Amino acid sequence: MTSAGFVLAANGNGKHSQTGISAYAGLEHPPHLSRLESKTGRKGIVEQLSISVDSDARDGFVPGFLHLPPDFNTTSTFNNHGVLPKIHHRTAAILLSGAGGGVTGPSSIYLSLACKLATLHPNNGIPALRLDYRVPARTGPCVRDVCAAMQFLQDMYGLDRFVLVGWSFGGAVVFSTLTSDEEKRVVGCATVASQTADTEGIRSLAPRPVLLLHGTGDQTLNERCSERLYEMYGESDEGGGEGERRLVLFDGDNHALSGNAETVEEIICEFVARCAGVTVDETDREEVLKQELVEDDERGDLMERGGDLRSPERRE
């Protein structure tokens, strides 16, 4: 267990990440996307992005994959008065990995989660960005990556409400974003096996909702981390009052929640949808959420390919 389970390389090594979007070739979609497409008759759009970040001394580009609903309208469809069309999704999810960066998430759930969010029944699909880091394990630069991504998504796609999802060190990025100038754009936060270092921002999150998931067999960050975050939620005098907080512990599961990956994916999907004001009905659950787009024996290899197991991150 690292540092009594409370921090996973929060200071990092200061090295600049040179990983570009081309390093993740073949990871645009989950291996079994055809199951979702055949069930729903819908095919989402995936765009490869390199987002410019120029707010610090490490100017550069942060790579990511943006999953868009098949019926999505961009800012290019503004009418003559600059008003968005009636059917437009203003909310997006930004999915953040751990201390090594990466684009597939814990047990590769981001790879399928992003597709499912974008494929919820017509007019309800939610855009999702799987975002890497320029400088993994450094909270400040990673927060600036997220802020740059939010501004980019607003400028280019008209998206201005965001649900942040983070795994492990990614929890620090999620909650530290709440202390930035962009925090009012955040409408909800979810974490998987989060650390507690650099997470003071959770105190001012309420009344916006938070979802905390953790395995009791986590050998990297003890479940007490998420329990502590649950206690910290809404403690700030500057917060907006009581809100929705949920803590789910998975008995005996590891740092990547490998034994409950599909369940975790469903829980996060429904949480993001609620934050976006979207109702997930039984048709969505059957045709979208229940589809297995990544099989259990594929998850580890996809995490390796997606950079999610770069040191110091791990599954156990």
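Every residue, even glycine, has its Cβ placed from backbone N, Cα and C.
Sequence annotations record features per position, and here TrEMBL assigns compositional bias 'Basic and acidic residues' to 300-316. The domain 'AB hydrolase-1' annotation in TrEMBL covers 142-221. Look at TrEMBL and you will find 289-316 tagged as region 'Disordered'.
When pLDDT values are averaged over the domain 'AB hydrolase-1' (142-221), the model yields 96. In the region 'Disordered' (289-316), the DSSP tally of helix, strand and coil residues is 11 helix, 0 strand, 17 coil. Residues in the domain 'AB hydrolase-1' (142-221) partition by DSSP class (helix H, G, I; strand E, B; coil) as 34 helix, 20 strand, 26 coil.
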